[in-house]
Amino acid sequence: MKAATSPGTYNDKMLANYVPVYVMLPLDVITNNNVLNNQAKLEGQLQKLRAAGVDGVMVDVWWGIVESAGPQKYDWSAYRSLFQLVQKCGLKIQAIMSFHQCGGNVGDAVNIPLPQWILQIGEDDPDIFYTDRAGTRNRECLTIGVDNQPLFKGRTAVKMYADYMNSFRENMSDFLAAGLIVDIEVGLGPAGELRYPSYPANQGWVFPGIGEFQCYDKYLKADFKEAATKASHPEWELPDHAGDYNGTPESTKFFMPNGTYLSKKGKFFLTWYSNKLLSHGDQILDEANRIFLGCRVRLAAKVAGIHWWCKDDSHAAELTSGFYNLGDRDGYRPIARMLSRHYAIFNFTCLEMRDSEQSAAAKSGPQELVQQVLSGGWRENIEVAGENALPRYDRTAYNQILLNARPNGVNKNGQPKLKMYGATYLRLSDDLMDTENFRIFKTFVKKMHADQDYCSDPRKYGQEIGPLERSKPQIPIEELMEATKPMKPFPWDEKTDMSIGGALANFLDKLIAQITSVFK
């Protein structure tokens, strides 16, 4: 594929402030029957995105669709058709290796289960799935307890993920060589995120419940018992008083003020629980790096923005998700340090959220959380990217994303102090394509590009993608734990200097929408 030529001219110094924008494709862009869904409509939407200056799209490459016929029986035909269409429309691709179920999370409108043959193995051994204290199984993804257990027709979970990625590379080699695929985001848990499925909507969780620990399958229970015994505390058990999905911190013995989470036993458990997640991500990213070695792509991992209860001393919802983050302990910088050895991008969610939009009872702090996490990534010298957590079409949300993309604004003389690697908008839909919504979205894209025209050559804004290098040596856990020491986050401006309008513009938007609806 020849690189598309850029349609406009630029101020080269301002171009250094350019942040590329991607748009997530619909969850069911490929149907459960492995067919490209509504191709004509999609092509029209992709052409509109391209005309709006959008740089590319993100797409889930569902394990449950591609390997549905049986172990190592892959069918990439529908995804090849999709990638050809995206290529035709002049957009780039961020491909997610989606080793999780679609359905059961906030925003999931379709249901794509894990491969049926995996679910059948789970009928005989339900402990291959994450399990809560009550014994409820979560079939959204496999527990990290089976990462290295040969339970799947002789293969371990990690081997299955690696085989899948290897087949993807082999079958998409022409698209990789053409530079169409720029990111491989490696699915590491529920919703593709590096976390435990601690707040499953399909099991009754509602915001802002603290969630529950997910380590009660027999494999993780045995792992914890072994770890406790090695620490000379064979009597220690997994928590049994941490509340339920919709509890509050103060209603539990574990998270209450001066609760178990502050005890020696509680700290040991939380360290084990969070370190299992770190090791899981590290091992699978090492496989991904080995597989895509030499390809001109970047690896990426997504981390969820668990913003509720993060203004409570316990940070309960973060802890149940696997992020051991407290006022005196950084739970995210160790993840960034782990990603650094794989040259991977740290992709964080909830970029659009503001504290003032959240219920006071939830003790939510999305702005401080984003500031902490992005700062930690930059301090570890890795690229950080992000997404909005929920669909938003208003200027207030876009302005918050713009602020996080360049926390200290643009630099008219070149590279800004801080700049995100990219932002992905959730998600392509009829609502986004609505005339008024799309008009505002186009302005947002232009401002993310620092008022510059679409640029097809990432080298011009400092993002040349060279051949992927082999991961650096594994970082000792002691060195990863050094990154738990809190550091003051970088300062953020109060508001973006690339605003797409404020309260007056929002009022006019609503007025125009009302007038338009009268004439429809």
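We count from 1, first residue shown onward.
Even glycines carry a Cβ here, placed using N, Cα and C.
What TrEMBL says about this one:
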BINDING   Asp60, His100, Asp108, Lys302, His307, Thr349, Asn388, Ala389, Arg427  substrate binding site
ACT_SITE  Glu193  active site, proton donor
ACT_SITE  Glu387  active site, proton acceptor
Key: Integer Cα-Cα distance in angstrom, Glu387 (active site, proton acceptor) to Asp60 (substrate binding site)   = 14
Query = How many whole Å apart are the CA atoms of Glu193 (active site, proton donor) and His307 (substrate binding site)?
reply = 15
Query = Cβ distance under 8 Å to Asn388 (substrate binding site), same chain, sequence separation 6 or more: which residues?
reply = Thr349, Cys350, Leu351, Glu352, Ala397, Ile401, Tyr425, Leu426
Ask   = Any idea which of the binding-site residues His307, Arg427 has the thinnest Cβ neighbourhood at 10 Å?
value = Arg427
